[in-house]
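Undergrad: First, the structure itself, so that you have it in front of you.
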């Protein structure tokens, strides 16, 4: 049914008045947009395990909605995607495309391209030239083989085919490199630099192709000088933008950043500039997106102006409008046009030529500049990424009638295939070295604090700590904890700061990756004065000036599911003794009752680090950690004094984790401004008395989300008790001086014993009393994976934060009125890597009765009975 587009109304009067909303432009646009977004998001979810870029899902979604799949039902196609609605859908999508190309220009830093060197330029040149020439060769074949292809002029058809096969999609490549953690490797930096060169060249070639194309009639009686005038005008536009507009935008950025009150006029002026630039290039005869791209290049990359622009427009553009553009590409793709063996043979030819041209050209030049063969091959595969930029070129070609339906469908499938295979191929052929000694058996790594405390030496080894932060808000409390461990003796303190930034689908994350250059497997640089660009790193600049504290900052930008890999790799590479992680909840305000939750994803990061870490791990629950008015950062190393800046309590029940807490407490006691108190909980049942013993056994019905997990390792309980007693005795002998009359003198620490009974409430109330008292700024507790009898009493307690262990969970609860910050420590031990939820079973006196009643039973041996009773009496955690 023919429809006069001028008769289409915007909105209906409603179904009650007899109007069908699908016959009106705006309601139909809403339905189309919703359908596209839902389908593309669903496909993106399905393709996520394959690490595919979102653009793949959006294009495939459009193909499914179009004539290739659902559109084979003509009634559906005429009702949901009628021909009269295409200009409306494409116009809305083109606005998104315009601003997306502006963001692409904003991503490209021309100064970094100039610094990339001749190697990247040579690789990019080869990666363009060979595919371009190959594309021209394929163009001759297609003109002969595809019906109607010879209706277009030779010049524009050859250039469009050359551009289609030679493009590398810079934004998609950046996403793939970030996902694979290759961005800071040599191959990643080379690929990004070469792709940036390629991107600039591609847009210049595209402008040339559009100028030659005209309206696709091959010239049609127009003077050949028209294309020359178009190209000259385009060059003049670029020169004007770089010489006039770029300085003006630098002034705008300075004014915006220096203004105390945010002036929205600068943002509006820039957004209007995108539209005007697009209009001017369209007026010249080059596509509007070229103007938006060039305007994006003129925006200063430093400062906060570019970041604010991205924040304002990227979600709306990338999340809503851009999927419409790629879906409209799919709607115009009719796979059924590729019919017969000849057509499918042409598709194979195009794919083979595109892949071979990119990979061989890049591989050859990379080998010439002495890049290893495997890296050279990987570089070629990476440069073969097409994706969204390719689709833009193809849509323009179809719009200009240079590409007919069959060739358009062939090239769309080629772009999909080449982008789809990039990630799995790179993962198959290239696995970068983790470095740093790697592996769990590395003997170089100081895996726990106890390794540094060698008999006869006073902390001779350097203490290395990796501290992770989410943002500037974590810095003060983290500095407080780290500074309190600074020894006043010969040992030095080496602090590695890692700013954790989530890599999202937002283009701003990619911009951040490019600018900071610290993605993938993070590396640390020693920043000097004037080079601390990150706000988090800047918070530690003054702290580094202390005599024997060395601070190295870095930024890890990763998806949350793989963030722990960055943290554990850095800990292994730098041989740190402890990782300090921020808790996923932070208390704000003077009353310490306002709780900010940074998200469940960050909690999962902490859990994965606790499970996979190559060293001890501490989780800091920050409730505004301070030094009681004294600034410990200004306290120079020296003899002990009476000025206490921080009050620390070490809660000791026994076990490996608690011994690590005691070791850290000993280091803190050495600081002149820290007062350490050790509170040891002992059971009221003396050794040899008959108590209400029990066992802990695995409970497969319990969820790890609400139940505590304990180590499955078998340990010598008597030896553990001896180690506990030895650790306490050494702490007391080192830090609590007693004269000949048993009088305490020269206290550097305090030791208190608390007796607890069999009741769970007794334990909980005493622990809560310490946290609520306000007597301590920081409470240090062990996770208790191999618990003492007292901690094992709490095994069946409902867990709010099971990753902190029973005692840490009690102290971290936001509903208990706690005043102190908490540091929960897990000592590194490979034997404790496996943990399971447990249940308390078998009260000892009942087991004894049962044993007496069934002593004649042949099913239980004497050895089994002795082992089980040993477990009962000694509270072995897992049987």
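Heads up, the Cβ atoms here are built off N, Cα and C, so glycines get one too.
Grabbed the feature section from TrEMBL, which reads as follows:
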- 24-43: transmembrane segment (TRANSMEM)
- 40-426: domain 'Cation/H+ exchanger transmembrane' (DOMAIN)
- 55-71: transmembrane segment (TRANSMEM)
- 91-108: transmembrane segment (TRANSMEM)
- 120-142: transmembrane segment (TRANSMEM)
- 154-178: transmembrane segment (TRANSMEM)
- 190-214: transmembrane segment (TRANSMEM)
- 226-245: transmembrane segment (TRANSMEM)
- 266-299: transmembrane segment (TRANSMEM)
- 343-365: transmembrane segment (TRANSMEM)
- 408-430: transmembrane segment (TRANSMEM)
- 493-626: domain 'Cation/H(+) antiporter central' (DOMAIN)
- 648-680: domain 'Cation/H(+) antiporter C-terminal' (DOMAIN)
- 849-879: region 'Disordered' (REGION)
Undergrad: Select the range from 190-214, 266-299, 408-430 that forms the most Cβ-Cβ pairs under 8 Å with the transmembrane segment (55-71).
TA: 408-430
Undergrad: Look over the recorded stretches 120-142, 190-214, 408-430 and say which has the most C-beta pairs under 8 A to the transmembrane segment (343-365).
TA: 120-142
Undergrad: What stretch in 91-108, 120-142, 226-245, 408-430 has the biggest tally of Cβ pairs under 8 Å against the transmembrane segment (266-299)?
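TA: Looking at each of 91-108, 120-142, 226-245, 408-430 in turn, the most contacts to the transmembrane segment (266-299) are made by 91-108.
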Undergrad: Where, among 24-43, 91-108, 154-178, 408-430, do we find the most CB pairs under 8 A to the transmembrane segment (190-214)?
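TA: The stretch with the most contacts is 154-178.
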Undergrad: Given the transmembrane segment (154-178), which of the listed stretches 24-43, 120-142, 408-430 has the most Cβ pairs that are under 8 Å apart from it?
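TA: Selected stretch: 120-142, with the most Cβ pairs under 8 Å.
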Undergrad: Near the transmembrane segment (24-43), which residues from the same chain, at least 6 beyond its ends, have a CB less than 8 A from one of its CBs?
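TA: Distal contacts: 8-12, 54, 57-58, 60-62, 64-65, 80-82, 85, 88-89, 92, 320, 323-324, 326-327.
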Undergrad: When the domain 'Cation/H(+) antiporter C-terminal' (648-680) is classified with DSSP, how many of its residues are helical, how many are strand and how many are coil?
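TA: The domain 'Cation/H(+) antiporter C-terminal' (648-680) comes out at 14 helix, 12 strand, 7 coil.
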